[in-house]
């Protein structure tokens, strides 16, 4: 059963790498557009066009999960993986061969669509195939591979041609498609479709046959229901309603931290700050930092708990972004000390990403995979993630205008305040799910 676990985990985690690669794609690409020798486009981009190349990804990511919410229960989790891989492959081939802005926009929308599907199905699938004692570890490990994908594009992107940045992603997608062909269908989906014998076989292969019988005795097996019924249960069942409130609020605050804007425009931020370290190198350092931090999290999530990690993470994020705002304020008023502190933007962003990927960037997704009832998990995940991403789309779109109209210092103080709100939300609202089965979590949320 360990072999099967390794196969399915490697396959779905490669998909998560594509999510990170798509998010980080703009960081090395935007500077290429500024140079006529490296740009595939005939004309120089305006600030609006540049921002839209980053943020239009969200058009796809917002549409993708709603499609997934229906298809997950209609055709299964595994076909959704394959569909997402094919869409992602098309998107990166479009981006690689683009010679006009329209092709880039369409490629980015398809990239968001494919990776949006992958993101949701990963949360649903891993939450369903994992045993209670390792579920948190496997869900938080999503972030390791997402940041690894971002690191690849940060590290390789500046040193290869515009087209090759996307061809590399297409090659990773092809490997992903080969992997997901061989993974088993989720036992939860098989149960929902009354294929109880097939579900039993899969759970036996996963070493969870005892849990399967317990599930049947506790009547976790639910009847077939329409899409309308799923949406109705999402808001009428107390546990689902509470899960939606918690995951949705955390998702919005997470996007409000400016994480996507910082990831999209990391290289540009270092140029803006006049960092003493070469911007491309600084961006790679940030990527390595994210990998290091997200790799640590799985070792703590089942020992320390989700809630504590979230609280400490958001507190440090608050302080680091506030400090970066102070640096930009001193630069804004031409304070002489700025010339001696050009190392500060990199240090504060390293601290921000260390703390963000240690909790704030991971725990909301983990809770999404744990909190909803099995029959509405895909729908609940979809609503939580897409509304949060819609908020993120807004943040990424107006980021350039915030910098020019409000100033860099005010922009990062706003991001800092959102992290502070998330810290307070973690202290007073978010429950602890560590060590609890999916059924016990439902019982806790129903109280």
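For all residues, glycine too, the Cβ spot is worked out from N, Cα and C.
Residue ranges 137-156, 197-216 are listed, and TrEMBL annotates 137-156 among them as transmembrane segment. Most Cβ pairs within less than 8 Å of the transmembrane segment (383-404), among stretches 7-30, 50-68, 80-98, 137-156, 410-430, belong to 50-68.
Note on the domain 'Major facilitator superfamily (MFS) profile' (8-434): its mean pLDDT in the predicted model is 85. Remote same-chain partners of the transmembrane segment (162-183), defined as residues 6 or more beyond its termini with a Cβ less than 8 Å from a stretch Cβ, comprise 7-8, 10-12, 14-15, 17-18, 21-22, 25, 28-29, 32, 38-40, 78, 81-82, 85-86, 88-89, 92-93, 95-97, 107, 149, 152-153, 156. The list of residues near the transmembrane segment (7-30) in space but at least 6 beyond its ends in sequence, with Cβ under 8 angstroms from a Cβ of it, reads 50, 53-54, 57, 81, 84-85, 88, 91, 95, 111-112, 114-115, 118-119, 122, 125-126, 129, 138, 141-142, 144-154, 156-158, 162, 165-166, 169, 172-173, 175-176, 179-180, 182-184, 260, 263-268, 280, 283, 287. Same-chain residues lying 6 or more positions outside the transmembrane segment (104-125) and placing a CB less than 8 Å from one of its CB atoms are 12, 15-16, 18-19, 22-23, 25, 41, 52-53, 56-65, 67-69, 72, 77, 80-81, 83-92, 94-95, 98, 139, 142, 166, 186, 365, 368-369, 377-378, 381-382, 385-386, 389. Within its own chain, the transmembrane segment (137-156) is flanked in space by residues 9, 13-14, 16-25, 27-28, 122-123, 126-127, 130, 165, 168-169, 172, 263, 266, 283-284, 286-288, 290-291, 293-295, 297-298, 301-302, 357, 361-363, 365-366, 369-370, which lie at least six positions past its ends and keep a Cβ under 8 Å from the stretch.
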